[in-house]
Amino acid sequence: MSAQQTNLGIVVGVDGSPCSHTAVEWAARDAQMRNVALRVVQVVPPVITAPEGWAFEYSRFQEAQKREIVEHSYLVAQAHQIVEQAHKVALEASSSGRAAQITGEVLHGQIVPTLTNISRQVAMVVLGYRGQGAVAGALLGSVSSSLVRHAHGPVAVIPEEPRPARPPHAPVVVGIDGSPTSGLAAEIAFDEASRRGVDLVALHAWSDMGPLDFPRLNWAPIEWRNLEDEQEKMLARRLSGWQDRYPDVVVHKVVVCDRPAPRLLELAQTAQLVVVGSHGRGGFPGMHLGSVSRAVVNSGQAPVIVARIPQDPAVPA
């Protein structure tokens, strides 16, 4: 990764949920591998308890204000407890010399806008797959879902520990399609694989149709082979610079005529990490989240880093 980005820290958002606990452990290990600071935060939103209707007595307004103050004070006290506990979890997941680089903080404001603004200033934001109060088996939590659509940099979404657990040598998987965000995904994936000392599986699924839907029967064998060769060369070109930069990473190239999402989901079942671009070859600048990245994140099968490129040119990537 770029020297400027590598020196930036990692922020993990917490809320006291089991997924949040797992996200803190993951973030602590990743920050240690990068040798950067880890900031544990919880955002406390404002409490609004205005009386119903347009007309109300001043005494009712005062009562509502008092309830708001009491409820907000309770939420702040609870947030400090959650951050303190998460800070301990981060310390336990890190080596003894990391204590000075791990901090905890309670912030105030709307949750998603606050974390989105923070994402401008850090290497990555880490969140749990589901937040407090989420039902088991539910889809992606509202905060995680919103942040992967609006953040100004990479966002890691961490599910509870997958079953069966992934072995330490499980590979990192990255989806490559030639788009700018998949280029950033390749950079992140090579860096993560190198730091973890594991292989990298680079998938290029180059059809928007399944293999049975593709009109292969209308192609002459030589034409089909030429098309496959072209796709394999494209993947090799996309990876060559990163392979030169990370010669220690063993790369397994997978090129298939298929839709990307099902193949990435298949590979995610045995991966310790999946890296995808926020939107692929069918996307456009400013697009929030593509169908492939959304499917992979929503599956909750493995930790996923969504590579997002800042829209503001003044913000470092």
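The count begins at 1 with the first shown residue.
Keep in mind that glycine also has a Cβ here, set from the backbone N, Cα and C atoms.
Residues annotated as ATP 1 binding site in Swiss-Prot: GLY13, GLY128, TYR129, ARG130, GLY131, GLN132, GLY133, ALA134, SER142, VAL143. Other Cβ atoms within 10 Å of the Cβ of TYR129 (ATP 1 binding site), summed over all protein chains shown, number 27.
Annotation comment: Swiss-Prot describes GLY175, ASP208, GLY277, SER278, HIS279, GLY280, ARG281, GLY282, GLY283, SER291, VAL292, SER293 as ATP 2 binding site, evidence class similarity to another entry. The secondary structure of VAL292 (ATP 2 binding site), as reduced to three states from DSSP, is helical.
For GLY13 (ATP 1 binding site), the nearest of the binding-site residues GLY175, GLY277, VAL292 in terms of C-alpha separation is GLY277. According to DSSP, GLY13 (ATP 1 binding site) sits within a strand segment.
Secondary structure at SER142 (ATP 1 binding site), taken from DSSP and collapsed to helix, strand or coil, is helix. Counting in whole angstrom, GLY277 (ATP 2 binding site) lies 18 from TYR129 (ATP 1 binding site) by their C-alpha atoms.
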